[in-house]
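A.B. asks: Can you read through this structure? Questions will come right after.
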Amino acid sequence: MKSPVADLAPTDGEEGSDRTPLLQRAPRAEAAPVCCSARYNLAFLAFCGFFVLYALRVNLSVALVDMVDSNSTAADNRTSSECAEHSAPIKVLHNQTGKRYQWDAETQGWILGSFFYGYIITQIPGGYMASRVGGKLLLGFGILGTAVFTLFTPLAADLGVGALVALRALEGLGEGVTFPAMHSMWSSWAPPLERSKLLSISYAGAQLGTVVSLPLSGIICFYMNWTYVFYFFGIVGIIWFILWIWLVTDTPETHKTISPYEQEYILSSLKNQLSSQKSVPWIPVLKSLPLWAIVVAHFSYNWTFYTLLTLLPTYMKEVLRFNIQENGVLSAVPYFGCWLCMILSGQAADNLRAKWNFSTLCVRRLFTLIGMIGPAVFLVAAGFIGCDYSLAVAFLTISTTLGGFCSSGFSINHLDIAPSVGKDESTTTWICSY
């Protein structure tokens, strides 16, 4: 695999025959211990950050089920009568003190989709800002802004659809910078042979955040009311921000408690991947086939992933006819599988490279292939099973679980082809952010 940027130093996996996972010319430093290490502490805090990030993103998907008057969508939904009522009688009365809104299916679609209008705007600018102000502040304030806006969601809903759509778009603006910021930080923190593990751990928080927030949102809606969903997760986001700002630094050199041995291990493992290029060579970047392969892969995977993430609770309610409690739990099951797959695939990818001498290119291709074709097959199959509740949940779970392989495929390939630009500069990994 060749770097898309001319004159950059050879990067991870770049050799003529591509037979070794890393540079043959670079001596392999002995790994610093994992336990209590600064790099794994960063991975854990990043894990918690992405946990909060996705909890703030998906809580509306469940809350919206309880915010909307069911009579307002029944007339538009021609499929809801095809499946029999599945839920068992509820012995505990559902708390219905939360205000209901007369929003039809089209309006709900605008509300759920508005987040991504803001999200897409700050992707590339977020990467550029990370290279200038550092990933720590950008990621921290991105999540903080989303958390604060989440606290105002009930007020925006009362003001009307326009206000709620605008608020969700602002949340998207805040979250759009998070992945580029995290990529920027890991380019300075992740030793090449631990790259899959560290990034998989940190990004797996997104899946666990989905796993926890979906059923928890359903429980909060059932026993309290939907407004508390936004208050709860907003406060959690603010608490995480305080810990992040206090404990994290942008680089190993500025970390106050890192051991000298670990600092030397990280810096020595990355020094042969630095480039003397100080400016961004835009023309070679835009002509880079590896870069466009990553862009196309992200677009294709995210199309399915975010469609399910946004609309799965609505599908569970309107088609499979599950109540609000069952809805949250069953909507979370696929993402638990994805979370587990991300953790295990990260370990497997680095083991294939370090112990079995698989090339980086081979590992990225293999994991991307499994993570793209597997989900597509089972998602298509789910469209032909009608009202078979068990098969519906099983197929959606398998589809989303297999997608976890992509976390060690194209999702990390940004760092493989966009090396750092030096000790006193930030990284160019934002070029390939999504």
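Note that Cβ sites are derived from N, Cα and C of the backbone, with glycine treated the same way.
Heads up, here are the entries from TrEMBL:
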DOMAIN    41-434  domain 'Major facilitator superfamily (MFS) profile'
REGION    1-21  region 'Disordered'
TRANSMEM  38-56  transmembrane segment
TRANSMEM  110-130  transmembrane segment
TRANSMEM  137-157  transmembrane segment
TRANSMEM  201-223  transmembrane segment
TRANSMEM  228-247  transmembrane segment
TRANSMEM  291-316  transmembrane segment
TRANSMEM  328-346  transmembrane segment
TRANSMEM  366-385  transmembrane segment
TRANSMEM  392-412  transmembrane segment
A.B. asks: May I ask for the residues of the chain that lie six or more residues beyond the transmembrane segment (366-385) and have a Cβ under 8 Å from a Cβ within it?
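C.D. replies: Distant contacts of the transmembrane segment (366-385): 297, 300-301, 304, 308, 345, 349, 391-392, 395-396, 398-400, 402-410.
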A.B. asks: May I ask you to check whether the transmembrane segment (291-316) and the transmembrane segment (38-56) make contact, with contact taken as at least three Cβ pairs under 8 Å and only pairs 6 or more apart in sequence counted?
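C.D. replies: When sequence-distant Cβ pairs are counted, the transmembrane segment (38-56) does not touch the transmembrane segment (291-316), since fewer than 3 lie under 8 Å.
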A.B. asks: Considering only Cβ pairs within less than 8 angstroms, which of the stretches 110-130, 201-223, 392-412 has the most against the transmembrane segment (328-346)?
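C.D. replies: It is 201-223, which has the most Cβ pairs under 8 Å.
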A.B. asks: Mind checking which residues reach the transmembrane segment (392-412)? Cβ under 8 Å, same chain, six or more beyond either end.
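C.D. replies: That would be 195-196, 199-200, 203-204, 207, 293-294, 297-298, 301, 304-305, 308, 312, 320, 330, 333-335, 337-342, 345-346, 348-349, 363-372, 374-379, 381-382, 385.
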A.B. asks: Please report, as numbers and ranges, the same-chain residues at least 6 past the borders of the transmembrane segment (110-130) whose CB is under 8 Å from any CB of it.
C.D. replies: 57, 60-61, 64, 103, 138, 142, 161, 164-166, 168-181, 183-185, 306, 310-311, 426-427, 429-431, 433-434
